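Below is one structure, written out as structure tokens; the observations come after it.
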Amino acid sequence: MFCVQCEQTIRTPAGNGCAYAQGMCGKTAETSDLQDVLIYTLQGLSAWALAAREHGIVDSEIDAFVPKAFFATLTNVNFDSARIVAYVNQALTYRQQLAAKLAPLAVQADTLPAAARFEPGADLLAQLAQAPQTAVNRGKNEVNEDIMGLRLLCLYGLKGAAAYMEHARVLDQQDAGVAAEFHRIMSWLGTDPSDLDPLFKCAMDIGLLNFKIMEMLDLGETTAFGHPEPTQVRVTPVPGKCILVSGHDMVDLKLILEQTKGTGINIYTHGEMLPALAYPFFKQYPHLVGNYGSAWQNQQKEFANFPGAVVMTSNCIIDPNVGNYSDRIFTRSIVGWPGVTHLEGEDFSAVIAKAQALEGFKHVELEHFITIGFARNALMQAAPAVIDKVKAGEISHFFLVGGCDGDRAERAYYTEFAKAIPQDSLLLTLGCGKYKFNKLDFGDIGGIPRLLDVGQCNDAYSAIQLALALSEAFECGVNDLPLTLVLSWFEQKAIVILLTLLALGVKDIRTGPTAPAFLTPALLKVLEEQFGLKGTTTAEADLAEILAA
């Protein structure tokens, strides 16, 4: 096992990365090694998909499958070895189909990269035996640590882009050009590139690709559900039977709401599903009563205390046996945990039956509401008033503080930072990092809330659109605005969001609570020199430096 993709990975003087029987996330060495086999097999499949495109053969099913299966290897997504083996076998089937179509066109495997010729084992044990040749750090003794770090930066960034591609696909947003670029990068990374400049360029290409994907996802969500609007959301429960929907998939939320009409079951969002409550479409369901809990890392306590059924529509899942709720949590799509019921289709009757059999909430809790819904359209509508207040000196600065949440004690930095920003500044937030401060009262500036919840992590697209609108209004570049980005990272979606911002030329971003363990000191120095990227220190010191600039 070798895995170094998330913020909680093991760090030692001897080297970084989880490399024992189990990773810090709970992923076993077996599952980790199988995921490496899957990734290499997918890189080979992408090579075949590229070759097919050269002959006018485009298979939209394969275009959808590769990023979806790649998504299964993200942090806290799929811990079920049998499911990973099934993805490998499906990838091989698709590859054989493409090879059969290309054979009459004289396209042979020996003309393609080595990954395209890789033959995965027929079963779990056979695939495990192949792990050394497919490990994500294969060839580590043949290249320096900077090359390996850049390979991993690109691989993990592309994982994040793959996740957003799958989220967009669920909303009927697919693009052949985006898929072709994804296959190109996926295939190239499978060749184990060893030159610094092409790898840096690849990282920027991934960032630009992801910007297009975020645009597709934004279009898919707003077409299906309308534009989010400022909305007050209840964050305390009400009496009644209940289902909790976590993850990111609003289509699953829609299906659950439809299938629970008239049942008396209340539906709650959790984690990154909170922004769904701001979409006009979901306001037609009175039994969507609010949001429960906070960010992913608290689920073992929060799910244990939730007296109903839980559905994980995407990341993040952690061991449900710790809180003894594995019999009432259900997984969907790419999510998996051994022994947990997985729902293959769109029938949620098993979830409904479980909710009806459970106690539900018995008591009324004091009402507590928070305001959400400041995504792209709402921000654009508010922009003229914001611009006027900037010109009048009523708003001095904009802070975007958000990203991933996590367990590390140092993440208290984000709460402290949010509390400490000047009263004449606006605080934008997105991702589950918002839970560090989104239940605090920040007041308003002339009727404009100081805390503006932009949405899910992918709604960084909305924040970028606001920055572009402000730069146009003030006739300056984005980097000349009184705008500071302070991001928290945990996994690969955050990595690709960062690559997107860097590829768009955004500078002087601060990230924390730690630097990714796969980035060497030399690579971090390059990122600081080229982009002004800095690590967080203390809220007081960082804020003083920002305001003095």
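Note that Cβ sites are derived from N, Cα and C of the backbone, with glycine treated the same way.
Swiss-Prot lists His248, Glu272, Cys316, Cys404, Cys457, Glu491, Lys493 as binding hybrid [4Fe-2O-2S] cluster, and of Cys242, Cys432, Cys476 the one it places in that same site is Cys432. Across the structure, Lys493 (hybrid [4Fe-2O-2S] cluster binding site) and Cys25 ([2Fe-2S] cluster binding site) are spaced 16 Å apart at their Cα atoms. The binding-site residues under consideration are Cys25, Cys404, Cys432, Cys457. Their Cβ neighbour counts within 10 Å are lowest for Cys25. Cα separation, Cys404 (hybrid [4Fe-2O-2S] cluster binding site) to Cys6 ([2Fe-2S] cluster binding site), rounded: 11 Å. Considering only the binding-site residues His248, Glu272, Glu491, the residue whose Cα is spatially closest to the Cα of Cys3 ([2Fe-2S] cluster binding site) is Glu491. Of all the binding-site residues given, namely Cys6, Cys18, Cys316, the one with the smallest number of surrounding CB atoms inside 10 A is Cys18.
The secondary structure of Cys3 ([2Fe-2S] cluster binding site), as reduced to three states from DSSP, is extended strand.
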